[in-house]
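Inspection log for the structure reproduced underneath, given as structure tokens.
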Amino acid sequence: MQRNLVVLLFLGMVALSSCGFREKHFQRFVKYAVPESTLRTVLQTVVHKVGKTQFGCSAYQGYCDDHCQDIEKKEGFCHGFKCKCGIPMGF
């Protein structure tokens, strides 16, 4: 039952995030919808981590460059799931 609830909440968050809702909205929803327990802590951590990732980075090659040009006027580089502006990948 808990697994179904987690999957349902996650899919709902993904759907709502495409409508412009931000991490703070989801954190507030999890706080009121899920009773205080380990499950709530795990969900809040997942919401935070998903909120910090930029999935467009790995799916669309020009995403980071567009993102960094908009905010810092620098060249963008994809580091895993995060964009770094002006910091090339170093191996």
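Backbone N, Cα and C atoms are what each Cβ position is placed from, and that goes for glycine too.
Here is what Swiss-Prot records for this protein:
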- 1-19: signal peptide (SIGNAL)
- 54-91: domain 'BetaSPN-type CS-alpha/beta' (DOMAIN)
- Cys57-Cys78: disulfide bond (DISULFID)
- Cys64-Cys83: disulfide bond (DISULFID)
- Cys68-Cys85: disulfide bond (DISULFID)
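Mean per-residue pLDDT, taken over the domain 'BetaSPN-type CS-alpha/beta' (54-91), amounts to 79.
For the pair Cys57 (disulfide bond) and Cys64 (disulfide bond), the Cα-Cα distance reads 6 Å. When Cβ-Cβ distances below 8 Å are used as the criterion, the domain 'BetaSPN-type CS-alpha/beta' (54-91) is approached by no residue of the same chain that is at least six residues removed from its ends.
In the three-state DSSP assignment, the secondary structure recorded for Cys57 (disulfide bond) is helix. Annotated pair Cys68 (disulfide bond) and Cys83 (disulfide bond), C-alpha to C-alpha distance, rounded: 8 Å. Applying an 8 A CB threshold to same-chain residues 6+ apart, the list for Cys85 (disulfide bond) reads Cys64, His67, Cys68, Ile71, Glu72, Lys74, Glu75, Gly76, Phe77.
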